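A.B. asks: Here it is, the structure in full.
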Amino acid sequence: MRVILADDAVLFREGTARILIEAGFRVTGQAGNAAELLDLVRRDPPAVAVIDIRMPPGHATEGIDAAAEIRRIHPDVGLLLLSQHVDTHHAMRLMTEFERGVGYLLKDRVSDLAGFAGDVRRVANGDCVIDPELVARLVGRKRERDPLTALTERERSVLALMAQGRSNSALSTELHLSAKTIEAHVRSIFTKLDLPPGVGDHRRVLAVLAFLRSS
Amino acid sequence: MTSPAGTPEAQAETRTTEAAGDGRPPSLDAQRPGTGRYVAVSCLGLLCALLVVGGFVLGVYLPNLHNGLIAAAFTAVGIVVVGKRWGNREGWYFTATGVAHAAMFFGRQYGFYSAAHRDAALPGATWVAWTGVWPLALVLVLTGVTLMCFPEGRLPSPRWRVVVVVMVADGVLLALASALWPVEYADNSLSLPHPLQLGGYQTAQRLWDVLGPASYLLLQIAWVACLVDRMRRARGDEARQFRWFAYAVAMGAVAMAAGLAVFGSPMLGVLAVPAIPLAAGLAIVKYRLYDIDLVINKTLVVGALAVLVTLGYIAVVVGVGRLVGVTPGANPVLSIVATAMVAVAFDPARRRVQRVADRLVYGNRPSPYEALARLSTQLSRGGQHDDLLTGLASTVADGVGAAEVTLWVGSIDELVTVAWWPPRSDHRSAMTIAPRNLASLEDGGRAHVRPIVHRGLLRGAVTLTKAPGEVLTAAEDSLLRDLVAQAGLVIDNVGLGAELRQRLHQISVQAAELQAAAKRIVSAQDEARRRIERDLHDGAQQRLVTLALSLRSASRHAAAVGDDQLVARIEEATRQLSQALAELRELARGIHPAILTQEGLDAALSFLAERAPLPVRLNIHLERRPPQDVETTAYFVVSEALTNAAKHSGASSVTVSAGLDGDRLWIEVTDKGQGGADDRWGGGLQGLVDRLAALNGHLTVHSPAGGGTKLRAEIPCE
């Protein structure tokens, strides 16, 4: 699977490349800024582009802008955005701007070889990936008349994993539960939180994030 | 009708000199009489004296008495006026009127004497008497014109010349008729025959009976109308001159009425006639005298008192006498009672009458309280310095009824006149004196001098002159003391006002500089925070994340070679590193939230709300991004407020609202906690206040004990 990396921190970029290679990926290009990244993608579109959000020249959200451009020119390229810290605002922006195949992770996650490789593959498959820290923060957020207290422990784990972008089958694998059981949990959660049922994975992530953010 | 005292004479003299510049043609005054004119005036005086004295030598005849008195009075006054004010034509008119009357008087005296002493008739009696009769119309025209020209010797306006021409024509016609036929002889009680025995007398007399009185009436109406016209337009000194004149006429009328009523004779009125030219002359020569008001005032008081006393006496003696059936005069007890009652009532009556007279003559003089209130109104209204000082002088003048008030300002070394009442248009009379001798301002005791002392320093002086004969009463003196005490404040204000404005300007300039400096400091601080956060992001955080990669890599190598102990150690180090990274993230966020720069206040406040230790409801409506300074300040305000709410309020939740109101960003952080935040905030709050002040914003904290806390910040987006 072909991957292109974009980050202005050369050491980190090299380290990431090593890890991806170790995990069986083919790193077809490395860029230090958004312009280089776009050049590389135009020349040889990868399965996934791993992009640092904050890059020269402005050190603001150049990565997100570059991702949007990539999605425009090559809609099949998966987009995995990395950042030193994760913000709900950015997560919502990414989920809103990109229909599928998008991820948002802390840079820290890269060092977890297996986990990171899995995330890259899921993005390549068109799934959504949201950093667990962000989800944990949203789930743990202080609420008045917290609707999450209505959920069971298990349901809460399912909710967190859903927010991280896991599909039902992924949930089933991860939690060692049957597909039917997972479906029952998901239905129960949607009923208890009064969320609109019967939506696809991506929509489901967005709905759950929006719920967690606003409630 | 004499001058009340010696002092006004001197006063009048100085004032006349002063007045030389204002309005009066100086050339006329400067013009000195030549010898020829002296001789002319002297001859006229002598002629008049001869005619009048000669006339009186022939006897006193009541129907002709007024002519003699008028002749003497007008001529005397005319000559005095001519001597004092050479350029004043009115003096010459007076003299002419006097001499004309003298000639007429003598002619008539001659006639009366001859008629009375038919046995010793004087030579040519009919002809001489004739010269005393027919010029009457012309003399009256002359007298009318003289009065019409009062006080400057000029008609009020050119259109009156037409009236004068008509008057002269009328006079000539009347005189001609009178000269030809004895139409006026009977009216003047002259029993001598007319020297001309012309025919047609019956017709002439019939015509005269109709036209004569009408013509004379018209003459009188003409000059009275002219005087009224001038009087109505007169202001200031001229009005005062007319008051003299009116006073004399009024007194003459009173004398005439009293004479007719009491003695059944016009003699008293006739004797009062010279008062009119005398008053007129006095008004011309000494018109600057302010004592006419005083004279009228005192006359009113005395007259009213006389009437009251008489009425009171009559009421008691006659009225009570009737009631108890005693004939007036027969009971001395009643007289004594009446006298006693009048005596007891006299003083209160006098005061009441005096007050009424004061109001009539001086208008409404303010009470001390009114004077002080008026002054404080002037002070609080502020205004130009000159206005304030003149206002002060006028308040003093009104308050104590002074004729003149001068305000001096300065120090112990020098005092300068700065304001007058009545106001002077020119400042030529401004004087500077060394005030070590304030007594020199007393002007020989005529002026009252009060030093203005403020905070122990001499700041000026007030000098005031009252009308001659008027004293400064104890009440007025006390009011004067109060006003002068305020005057120090006024002068200080006037001086300080200028200094204060200067200082205020300096302060506002400094304040603007300070504000700019504070803003620069805040901006520099924020910039420094952003830089540190970026340095952490690009430096330490980046390196540590990379280090984590290396450690994991090392861990995998160790696992590959089967060194489980090493793997465990590396995993432990990685765990600690993750924790360090998390802490560093928090630190970087605390220094400056990247999301604020990247995505704006809305996103940054969401982040704050997510991780706040208590539920936060957000209500943010920002259509556009405020400037970076403003966003950062707002973020720290909310951050600080949330921290404090979580720590102290005990509230179950907080609401954060923000919006743009025109050019201002407002932020509100409210909770329903226990309130009383003011006491607990201490340094944090002050820091926010300072930060906001640097951006010209402000903070209000409403936090009553037990009533929750509402913190509102407003920042202009410049």
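Along the chain as shown, the residues are counted starting at 1.
Glycine is treated like the rest: Cβ placed from N, Cα and C.
As annotated by TrEMBL, domain 'Response regulatory' applies to A:2-122. Residues or ranges marked as domain 'HTH luxR-type' by TrEMBL: A:144-215. Residues or ranges marked as 4-aspartylphosphate by TrEMBL: A:Asp52.
I would like each feature placed in context: is it buried or exposed, what are its neighbours, and how far apart are things?
C.D. replies: Mean pLDDT, taken over the domain 'HTH luxR-type' (A:144-215), works out to 84 on the 0 to 100 scale.
The secondary structure of A:Asp52 (4-aspartylphosphate), as reduced to three states from DSSP, is extended strand. Taking a C-beta cut-off of under 8 angstroms and a sequence separation of 6 or more, A:Asp52 (4-aspartylphosphate) has the following same-chain neighbours: A:Ala6, A:Asp7, A:Asp8, A:Ala9, A:Gly63, A:Leu81, A:Leu82, A:Ser83, A:Lys107.
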A.B. asks: DSSP on the domain 'Response regulatory' (A:2-122): how many residues come out helix, how many strand, how many coil?
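C.D. replies: Looking at the domain 'Response regulatory' (A:2-122) with DSSP, the answer is 60 helix, 27 strand, 34 coil.
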A.B. asks: Could you give me three numbers for the domain 'HTH luxR-type' (A:144-215), the DSSP helix, strand and coil residue counts?
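C.D. replies: The breakdown for the domain 'HTH luxR-type' (A:144-215) reads 51 helix, 0 strand, 21 coil.
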